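Marked as domain 'STAS' by TrEMBL: 509-696. Residues or ranges marked as transmembrane segment by TrEMBL: 15-35, 66-90, 96-113, 120-139, 159-189, 210-231, 243-260, 272-291, 319-342, 396-416, 422-446, 453-478.
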Amino acid sequence: MTKADMVLSSNNTLFAVRIFLLLLFFFFNKLYYLFASCTSERAKNTAISLLPIIGWMKTYSFKEWLLNDILSGVSTGLVAVLQGLAFSLLASIPTWYGLYAAFFPVIMYFFLGTSRHISVGSFPVLSLMVGAVVTRLVPDEGLPANITAFEGLTKEEQRVLVSASLTFLVGLFQLGMGLLQVGFIVMYLSDTLISGFTTAAAVHILISQLKFVLGLTVPGFSGPLSIIYTLESVFTQITSTNIHDLVTSIVVMVMVLGVKEINDRFKSKLKVPIPIEIIMTVIACGVSYAFNFSENHGVDVVGKIPNTFESPIAPSLQVFQMAAVDAFPIAIVGFAVAFAVAKVYSVKHDYVIDGNQELIAFGASNIFGGAFKSLAASTALSRSAVQESTGGKTQVAGLLSAIIVLVVILGIGFLLEPLPKSVLGAVVIVNLKGMLMQVVTVPYLWKKDRPDCIVWVGTCLAAIFLGLDIGLAVGLGLELLTVVFRAQFPHCSVLANISGTDIYRDRKDYVNIYEPEGVKIFRIPSPIFFANIDFFRDKLKDAVGFNPLRILRKRNKAVKKMKKLLKKGELTLTSVRLEGNRSSEDESNMEDLDKPTDYSDLPIQVNWNAELPANIQVPPVNIHSLVLDFSVVSFLDISALKGLKAIKEFIRINVDVYIVGCDPYIIEKLRNCKFFDDEIKTSIFFLTIHDAMLFINESHPPKTVSEKVMKTFGDCTSLICSFKD
């Protein structure tokens, strides 16, 4: 070893020691905080927060959930095998390493993750970003980077080392951010930015798969304008297209797209989506083996898949130094996509996910996977949809999918050896449909919110032509500029007196001597946009003291139970209370429990603040009106408009919602964006809080002392029905 190599090795060791000591510091700091003020309750909560499996396994219903998890795990595992093979092509490493991404990270996430429905594994955008680093350090043509660990390794082994080391480093970044409690960072990746970025990534992925679909030998390019160089190389060799690869790819794409359309159209009638990708893979393997595509027609196939796991390796610290700038955006994008998908399913199934714990879970998963040469893990949208739609209830389904991958690796992987890579390329391209179709949102954004449109287009174009890492940085810069622009130059208006009144169009300071009975007044002190909409919704729930969506779901469950008991004759009516929710008949496309309560088969209307029969428990709602003060809300973006739709949840539990002091520009934007419908009407707006209160007092006259006394005693005896022994 030369003196320079010894100095470099020493620097690498110091770098690793610093990272290790930093992580140890935060870990022991957390332990010290735990034991310094340790109580049994605090220890229990901390244990559950660090190992969420403890929390949900206690309530796991083997009788009701296990069969669903088994079915979901098998279906997801088969899809994970195919996607693992396909997405490894994007990373420019041998296909079987994609299978490792569907096994090792899943095991770790099973213990540490808070989402019960996402499918952990390879993700095409992450695989492509990893592939850009791999081809930069180990190019197809020319010498690899000057890395000591490359000595004695083949080009394939060098690429695997780069991929594994990069995955390990991504995990370190994610784990570090989780320990530092900076999960809030994903708030600054708006829906618009992520949409533009993933669309650009889909274009890169599409171009990168052309060499497999056409059967060409195209060197890997990285850096700015790499997509142009790739297209140039493809079109230069277009006359050398392998017709067998091309025909096979076209047939697979047509069949998969057609059947996926059938799955989407008849998803309400199909218990399990038709696994067309698996079917076409089996057929392609059979045809390729029967006609010996590899030798007779020059078709590039998957080739030998080892029937054992390879030994774990230590990451290269030199790769850490050369790829640190690339690893950080990979860590952010991987977490942002996974957290966004997890949040969708947590809302749908009514449970809580923890952003910081998710960072820790993915960090540990990628560190564990990187040690075993796995690809960087996140979640694929289509794979998570399969896990949820086939009935998956918990990460037991994810664990079972990992077992399916294990069976393939150790037992039947040899059956996939004749699979043409063009089939994998076709599968990848077909799965890009959702991301590529996001481009249709551009005209909508241009008409409704031009700053958001500029962010989308700027992010997309920068990521396409300059590379995904630079494109993400450009998108963040544009996004921050739009926030600064809108905050610094709001839509101001001149104050004017409304004739005959003492009302002015500005925000007034109210000193609340008392809180009106049954009314909650909530002031929003800033513009509402993607970075604070979730904060606003959480604070609103805290202010009113309940979660309206959960109240609605509990009421719907209660009504279903009452109908069932009435049908069995186990309830008899004793009196009727003419109170209850508004109902709507045009919500058939919503989840059953999120619909307005349906009283069609119930011969009574329910007083939800009275005692309910058969030990049915529904939390009472102690307000009838909610006033939102929009006096200082100077703008809304598209993310805020979607978030504000949550006021429907209050309306559906019989709480009237009013908005006061709203700028005419915002009202016009709400109208243009189709915010109003049969439930949210334009009549909810008032100029001032005083006007809204006058209207509320007419609709809900304050009760006298005698009425309050009568109500107190009346509610004690006003059962809607009685339980029959």
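In case you wondered, yes, glycine gets a Cβ from its N, Cα and C as well.
Note that TrEMBL annotation is computational and uncurated.
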CB contact flag for the transmembrane segment (159-189) and the transmembrane segment (319-342), at least three pairs under 8 A: yes
Any contact, the transmembrane segment (66-90) to the transmembrane segment (319-342), with at least 3 Cβ pairs under 8 A: no
Reported mean pLDDT - the domain 'STAS' (509-696): 78
Closest-packing stretch to the transmembrane segment (272-291), where packing means Cβ pairs under 8 Å, from 96-113, 120-139, 396-416, 422-446: 422-446
Close approaches to the transmembrane segment (243-260) from elsewhere in its chain (Cβ under 8 angstroms; 6 or more beyond its ends): 212-215, 274, 276-277, 280, 284, 293, 297-300, 420, 422-423, 425-427, 429-430, 433
Closest-packing stretch to the transmembrane segment (120-139), where packing means Cβ pairs under 8 Å, from 210-231, 319-342, 396-416, 422-446, 453-478: 319-342
Chain residues in Cβ proximity to the transmembrane segment (319-342) (below 8 Å; excluding those fewer than six residues from its ends, i.e. six or more beyond): 12, 15-16, 114-115, 117-118, 120, 123, 125-126, 129-130, 132-133, 137, 145, 147, 149, 161-162, 165-166, 169-171, 173-174, 177, 183, 185-186, 189, 194, 197-198, 353, 355, 358-359, 362, 366, 376-379, 381, 384, 468-469, 472-473
